[in-house]
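These come from TrEMBL:
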- B:1-19: signal peptide (SIGNAL)
- B:23-92: domain 'Ig-like' (DOMAIN)
- B:98-206: domain 'Ig-like' (DOMAIN)
- B:213-234: transmembrane segment (TRANSMEM)
- B:243-269: region 'Disordered' (REGION)
Amino acid sequence: MSPAPAEEMGYKPLDGGWGWMVVVGAHISIGFAYSTPKVLSIFFKEIQENLGASSSEIAWISSIMLAAMYAGGPVSSLLVNRFGSRPIVILGGLMCGVSMVTASFGNSMVYLYLCIGVIGGCGLSLNLNASLTIISKYFLVKRPLANGLAMAGSPVFLCLLAPVNQYLLHKFGWRGSLLILGGLMLNCCVAGALMRPVIPPGKPFSSAPQKKVKEQPNKSNTKLKGRMQNAKKFLDLTFFKDRGFVIYLIGSVMFIFGAYGPIVFLSAYAIDQGVEEYSAAYLLTIMGFVDMFVRPATGLIASSKWIRPRIQYFFSFAMVFNGTCHLLCPLLNSYTFLVTYAVFFGVGFGMVFALIFECLMDLMGNERFPSAVGLVTIIECIPMLLGPPTAGLLVDIFGDYKYLFFMCGSVIVTGGLFLFVMNIYNYHMLEKEKPAKDREQNQKSIESQDQVSASEVEMKQTPEAAMERTEPEAKETDGAQRDPLPENAETPY
Amino acid sequence: MNLLWAVSALLLSCWRANASTAPNIITEPSEVSNQTSAVLSCNLTESSLPIKGSHWIHNGKVIEKSKSGDTTPYTILRLDKITHNSGGKYECVFLTDPEVKQTIEVKTLPHVAAYKHSEHGNEKDIGAMVCVSHGYPLPTDWTWFKEEDGAQTPIINGTTDKYEIKSTPNKTTLTINDLSIENDIGDYICSGTNELGTTSDKIHLRVRSRLAALWPFLGIVAEVIILVTIIFIYEKRRKPDEITDGSAPLKSNSTENNKDKNVRQRNSN
């Protein structure tokens, strides 16, 4: 979706200043989004006793919440495109708060599935998508760092909420704890308030008199844009024509499939190896703690001028590193080795997650990122729900945990290598296509400068051509040229 | 006459032989009650069958250490410290064909333990307290008491809707309906009785107020509202500056107005 080129020029992301407050907001929002489904499991035992539910019934709460969170992606990207990030995060925070508060009065499992699972999950999906989008609007040069800092919210909140939840459970019981947790989730509204919308200069809001001449065509622009956005709903599938997007999607699906199995089964594996229960639980804490610091560090490294143009390769390196860790895990059996494994696992996991959305932003560009991330999350729903049970099935069939690690490690390593090879291919193809696209772009920009509204109509009639036009802009500025600062904005608004 | 005597002697010896093929185990002691240690012994008498060995069984499980290949008709088992775990039915087994065995019961006081020594319940909700017992023999009677001002008031099943007691030999559950903060907080005692005596354990019940979690919740909501308000006010105060930065005419207008105001003020003065 591209407005007229004249407006494209006028916007340069802040890359600092209030942007850092936005990162804080995104940190809180993403933190709640990723950690809530995990920390809720602390309440399960008491809810089970109180409501008389079986273990599998209770586990459905977390599954429904995660599924709703990921499946709600496309809807939330639609809303973010329409309303901007701030109202959506505030709405998401309210939904989460309401879901927990109403759940605290629940008396049946179905009621809990609806409240916590559906409403809570939808609220979290709104939070996640909108937070990622606003980062892409505020940052360009330092975007990987901003992404790393924001994604670090997940392990930070996991480490914070787990003991807090234990304390709340002991002091207030599960109902009181859900009530207070609902209150805590209202802080997402504070995070949303921080996400000041970016108003690029040249919009009808500014009162500069020189722009009055353009106001008329601007207004017709916004009307046409609105209609185009509605049409966009049905155009989601055009993403699959984008080579880079498909490559990224396959790689990230493979990663998600193998990523969560080792986490779920790490303590069980350690206990199986003869480690005592308390120390086994400690392994996950170590991993989370390392993760907390690795994510911003990875963001910092990825922002550097050596890595930034090659960020897709860095991402595939991170995946291969993670996968190799898993493959090496079953080799030795001592507790020290398991601790080392947990540390390296934390490093690998943090690296991948710090980069996972940054790479998508890099590929898609600002305007297409919200829709792309919605599509990616709903597709990622499937490997995320299938991964741990498949790993568990392997353990059941073979009776040995090492096959789980081999499976997960090999899937992730394959994914990483696939990304690496296919990205080389992709950039190669883009280099070949670049001269042709450049000529096309120059022709069209000359045409559009003559008649702004005429070109808008043209674009409306050929939405695919418009999308193809923005594609080389995005790709140009990403990989082929080693210049992290694009001259013209790949970031309209 | 001699023939008659011989036949009767033969019959007598046959009868005696028949009688003596029913082996008899003499146990010493026949029963152990409330002792800290004991030596169990079995003596196999009146058996002409060959003995290949012997061992002891405790509650259906063979005691590995007691397995012996001795062909003597005498076996002992030492119990140095009798706890509730070591109580139960002991059987000495002689490996004859067929096997013969005899049981000695080792009885101890019941061991009563609370599932959790501190229980929580929510106001107007249901609170449950559980006591379990191990040992032999298992308690035949369970009673619950509520400790009030140092005295123990028995809780009787069925008198009110409030209390419900469900007991099985190894477990007892006291369920209190409609918990109230004034009346139900305190110590509860479960005691189990078997033929040797009674043991009990204490559980402390805490009742959480329904509204207990409400205050922190309201505090957090207030904090959220205050923060959001502060952020929006800060933004509104900064916004006019940002807009006037871009457009010169407005700025000069405002300064002119100020000057006029100053002039007017001076004139009025």
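Heads up, the Cβ atoms here are built off N, Cα and C, so glycines get one too.
Because the structure is a prediction, the values reported are computed rather than measured.
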Helix, strand and coil counts within the domain 'Ig-like' (B:23-92) (DSSP): 3 helix, 35 strand, 32 coil
Helix-strand-coil residue split for the domain 'Ig-like' (B:98-206), DSSP-based: 4 helix, 67 strand, 38 coil
Arithmetic mean of per-residue pLDDT over the domain 'Ig-like' (B:98-206): 85
